[in-house]
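Undergrad: The structure that follows is given in the form of C-alpha cells.
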Amino acid sequence: MSIPSHMVFILVMLLFVFGASIGSFLCALASRLDPKRRETNLKQVFLSRSHCDSCMKQLSNWELIPVFSYLVQKGKCTKCKYKIPASFFIVELLTGIITVLFFLKWFSNPLTPLLIIFFKIGIAYIFIYFAYYDYLYWEIPLNTVIIISVSVLLYLLGGYIFSKIAFTEFIYQLGAGFIGMGAIALVILASKGKGLGWGDVWIFGLVGFLLGIKGLVEVFFISVFFGAAVGILKIALKSEQLKNNLIQFVPFIALGVVISTMLEGKIFMWLFPVL
Ligand SMILES: [Zn+2]
C-alpha cells in the first residue's frame, strides 16, 4: 500500500498537532497540580479553560494551538507580555515529534495492531507528564505513579485470569516490576540516598510492569548514561540550577522509556549481544 506524498504530509501535520496538543495538556495539568497549592477541585484542574498565569486572561482559540501560537506570540502573553515558560514550548514540540515518530514506525510495519501503537504512545505520554512534573517541582507525583502502577498490575492480573496473557508473560512483567523496585532500593541504600530518591523506586517498578525485564534494563542504562552525562556537564559548568549536585532524573527515565519502546529491544541486543 503506497500513500501519495501530500497525504503523508497532511497526516504527519495532523499527528504532530494532535501530539503537541497532548503535550500542552500534560504541561497544563502538571502546572495546575502544584504540590504546594493543591487544587482540590478536580473538575477545575481538568476542565477549566487555559489562561495566562499572570493576568488570568483566557486564551483565545488560536492561542490554544500548541507550538504555533508560542512562535507567533514570541513566547509572551498577548495582553500583559508575561513570558510563557519555554519548557511549555519544548514539551509540546517533543510530544508532537514523538507522536509522529511512533506512527511513522507503525506505517513502515502495519502488521503491528494499531492498539499496540496507542498503548505505546500512551506510555510515552505518561512518562512525559512525570518528567515535566519532576522538572517543575523536583519531585515525583507519587500518588499518580502508584495509581497507574496498581492499574497496570490489575490489568496484568485480569489478562492472566481471563487467559489473555500467558502465565510466563504474566510472571515476566510482574517480576520485572519488582526487580526494578528492588534494584533501585538497593542503589539508594548503598549510596545512602545520594542521587536517586524513593519515588524512583515506584517509577522503575512501573517501567518493569509495563516494559518487562529487557525494557527495564534498557531504561536503566539509558537514563543513568544520559543523567550522569548531563549531571557531570552541569557540575563542570557550575550551573545554578543544580541543587546539592542533584538533577531532575525523571526526564532521563522518560527518555529511556521513549527510546526503549521505539527501538523494541535493539538497545538490549546491543548491550548484551550474547544473550
Ligand atoms: Zn497575561
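Positions of Cβ are set from backbone N, Cα and C atoms, glycine also.
For reference, TrEMBL lists these features for the protein:
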DOMAIN    17-105  domain 'Prepilin peptidase A24 N-terminal'
DOMAIN    123-232  domain 'Prepilin type IV endopeptidase peptidase'
TRANSMEM  6-29  transmembrane segment
TRANSMEM  84-107  transmembrane segment
TRANSMEM  113-133  transmembrane segment
TRANSMEM  140-158  transmembrane segment
TRANSMEM  170-189  transmembrane segment
TRANSMEM  196-213  transmembrane segment
TRANSMEM  219-237  transmembrane segment
TRANSMEM  249-272  transmembrane segment
Undergrad: With DSSP, how much of the domain 'Prepilin type IV endopeptidase peptidase' (123-232) is helix, how much strand and how much coil, in residues?
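TA: Taking the domain 'Prepilin type IV endopeptidase peptidase' (123-232) as a whole: 94 helix, 0 strand, 16 coil.
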Undergrad: Can you say which of 6-29, 84-107, 113-133, 140-158, 219-237 has the most Cβ pairs under 8 Å with the transmembrane segment (196-213)?
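TA: If we count Cβ pairs closer than 8 Å to the transmembrane segment (196-213), 140-158 scores highest.
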Undergrad: Answer with yes or no whether the transmembrane segment (6-29) touches the transmembrane segment (113-133) by the criterion of at least three Cβ pairs under 8 A, sequence separation 6 or more.
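TA: By the criterion, they touch.
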